[in-house]
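Chemist: Dropping a structure here in structure tokens format, bear with me for questions.
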Amino acid sequence: QKDMRAEVEERGHWGSKVEFLLAVAGNVVGLGNVWRFPYLCYKNGGGKHMRLTSRLCLSATVNVKSGPTGIGYAGQLIILYSITTYIIILSWALLYLVFSFSSQLPWASCNNYWNTDDCVDFSIKNASVPWTNQTNSTSAATEFWERRVLAISGGIEEIGSIRWEVMLCAIAMWITCYFCIWKGVKSTGKVVYFTATFPYVMLLILLIRGLTLPGALQGVKFYLLPEPSRLTDPQVWMEAGSQIFFSYSVGVGCLTVLGSYNKYNNNCYKDCLWLCLLNSGTSIVAGFAVFSVLGFMAHEQGVPIAEVAESGPGLAFIAYPQAVAMMPLPQLWSICFFVMVILLGLDTQFVSMEAVMTSVIDMFPDVMRRTGRREMFLLFFCLICFFCQLVMITEGGMYVFQMMDYYACNGGCILFLCVFETLALGWIFGAERLYGIIKDMTGVNASPFFKICWLYFTPLVSLGSFIYSLVEYQPLTFNRWYVYPDWVYVLGWLLALSSVLLVPGCALYKLITGTGTLRQVGQLCT
């Protein structure tokens with residue numbers, strides 16, 4: 001028995017405090033900071049929305065992840081869905097990066113085999129025919145995205161063949177993620193020195209370039225221009241809250257997994273505050289970088305910036321590449337942009353993978369903490385995820401991707417989990433008890449405001465946002481014209497409920513089987 005115990009490897013810990021902070025920064029600072037936050041600021045009142053999200057970020061610092069019960073299983077399932085879909089974005093970005101080394105950017109002209117007669121090169125100014133009046137026209141960047149990269153089919157019923165170039169990029173990204181975490185925090189802690197810092201170099205370069213372009217001031221004004229009247233719109237509060245939950249990776253356990261490799265007396269209170277400032281600061285700076293370029297594109301085309309403002313994949317793979325094509329040295333700026341996109345998403349991806357790995361290994365330490373078993377299980381995990389996502393890199397894969405993103409990785413599911421997490425934390429585990437633990441760990445008293453958050457503010461905000469998301473639910477469509485078949489909506493809701501129902505399901509199972517009282521079940525959720 002002594003020899004068997006000696007074979008079990010130690011859990012491990014961060015090599016230094018810097019490694020932990022960089023890993024958390026890499027996880028919370030992701031694609032949403034670049035392609036979602038700036039657009040929401042523009043859409044919901046500019047500077048007012050920015051200040052609103054800054055206030056709401058306080059509630060994000062008080063979220064605590066559960067153990068391996070209903071809430072824990074639900075969080076892990078959402079992470080699993082996210083891992084499978086998120087890496088598709090990295091694969092698209094890698095393909096764009098490869099194309100960026102071409103002598104002429106393929107999305108910069110309409111002289112390619114995939115272009116149609118309706119293709120218009122918006123980088124060529126034509127004052128006599130404003131492009132906004134060409135109702136049937138599409139940009140060269142749009143046609144490259146839809147007809148060359150995606151080769152998109154007519155609907156989800158037409159899955160079509162696999163896009164082999166995208167599949168090869170996906171394989172490259174899975175291999176990269178595998179070797180980033182295959183030795184646990186020992187390898188992750190070294191990788192984040194590059195993946196968490198180099199995007200800031202690229203962001204700084206793009207910021208300087210963007211602010212020196214003609215029309216940049218117009219874009220910045222649209223980004224920051226306050227609109228106080230929007231504060232009375234519940235949708236603004238809903239989108240601000242959702243942005244905070246997504247941006248700070250709360251509710252699903254990634255941050256707690258990273259923190260679990262720290263020493264007991266690590267000052268988590270101070271870490272949370274600094275990382276909140278870093279995350280919000282990055283979002284604000286990214287907004288300047290993005291909207292200065294969109295302002296340039298609007299200036300060059302002679303249209304309002306509202307015509308070119310995009311969010312999500314529309315920004316990363318259509319609007320920004322189109323703007324880059326109008327600049328001098330377009331290949332250089334395209335390479336900088338897509339390197340930044342890949343690195344921003346990469347550490348978010350492999351840290352999420354590490355969260356799943358750590359959870360599984362901690363559940364079965366005697367089996368999993370043995371030489372070579374982590375590496376083999378990680379390989380098996382990557383292969384399973386890769387084969388599950390193959391349907392999303394087919395000609396009809398974009399429809400599947402949007403369904404997974406809209407339902408399985410839905411913010412409403414995370415909000416639902418956060419309601420139960422904060423109730424268990426504040427009322428069952430006890431706000432006073434948690435307050436004392438933080439003092440014991442850090443040596444200082446946390447702000448009394450956090451007690452209010454744990455007991456009232458965070459549960460009510462989470463519950464209100466969740467209810468509002470249900471009330472304002474709109475069935476998923478693609479490009480505002482394609483309506484999914486009814487069976488897709490049924491499948492989508494089943495995916496959403498697969499995580500949500502784990503919370504009451506596990507609690508009910510424990511009560512029915514007599515393995516726990518109501519209070520014991522609640523305590524297991526903290």
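Going from the start of the chain as shown, residues are counted 1 onward.
Positions of Cβ are set from backbone N, Cα and C atoms, glycine also.
Straight from TrEMBL, here's the annotation block:
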BINDING   Gly26, Val29, Asn33, Ser247, Asn279, Leu344, Asp347  Na(+) binding site
DISULFID  Cys110-Cys119  disulfide bond
TRANSMEM  20-42  transmembrane segment
TRANSMEM  78-99  transmembrane segment
TRANSMEM  162-181  transmembrane segment
TRANSMEM  193-220  transmembrane segment
TRANSMEM  240-261  transmembrane segment
TRANSMEM  273-298  transmembrane segment
TRANSMEM  332-356  transmembrane segment
TRANSMEM  377-401  transmembrane segment
TRANSMEM  407-429  transmembrane segment
TRANSMEM  449-468  transmembrane segment
TRANSMEM  488-509  transmembrane segment
Chemist: Are the transmembrane segment (449-468) and the transmembrane segment (332-356) close enough that 3 or more Cβ pairs fall under 8 Å, when only pairs 6 or more apart in sequence count?
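Modeler: Result for the transmembrane segment (332-356) with the transmembrane segment (449-468) is no.
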Chemist: As a test: from 20-42, 162-181, 193-220, 377-401, 488-509, pick the stretch that has the greatest number of Cβ pairs under 8 Å with the transmembrane segment (78-99).
Modeler: 162-181
Chemist: Which site among Val29, Cys110 has the most other CB atoms no more than 10 Å from its CB, taking these as recorded positions?
Modeler: Val29
Chemist: If you count other Cβ atoms within 10 Å of each one's Cβ, which of the recorded positions Cys119, Leu344 has the most?
Modeler: Leu344
Chemist: Which residues of the same chain, at least 6 past either end of the transmembrane segment (273-298), have a Cβ under 8 Å from a Cβ in it?
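Modeler: Long-range Cβ neighbours of the transmembrane segment (273-298): 21, 24-25, 28-29, 33-35, 37-38, 41-42, 50, 53-54, 57-58, 60-61, 200, 203, 206-207, 210-211, 213-223, 247-248, 304-305, 307-309, 315, 319-320, 322-324, 326-327.
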Chemist: Specify the count of other C-beta atoms within 10 Å of the C-beta of Asn279 (Na(+) binding site).
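Modeler: Other Cβ atoms within 10 Å of Asn279 (Na(+) binding site): 25.
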Chemist: As a test: from 20-42, 193-220, 377-401, 407-429, 488-509, pick the stretch that has the greatest number of Cβ pairs under 8 Å with the transmembrane segment (240-261).
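Modeler: Looking only at 20-42, 193-220, 377-401, 407-429, 488-509, the most contacts with the transmembrane segment (240-261) come from 20-42.
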Chemist: Would you say which of the binding-site residues Asn33, Ser247 has the most Cβ atoms within 10 Å of its own Cβ?
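Modeler: Comparing the binding-site residues Asn33, Ser247, the most crowded Cβ belongs to Asn33.
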Chemist: Taking the centroid of the Cβ atoms of Gly26, Val29, Asn33, Ser247, Asn279, Leu344, Asp347 (Na(+) site), which other same-chain residues have Cβ within 8 Å of it?
Modeler: Ala25, Asn27, Val28, Gly30, Leu31, Gly32, Pro199, Thr282, Thr348
Chemist: Inside 10 Å of the Cβ of Asp347 (Na(+) binding site), count up the other Cβ atoms and send me the figure.
Modeler: 27
Chemist: What does the structure give for the C-alpha distance between Val29 (Na(+) binding site) and Cys110 (disulfide bond)? Integer Å is fine.
Modeler: 36
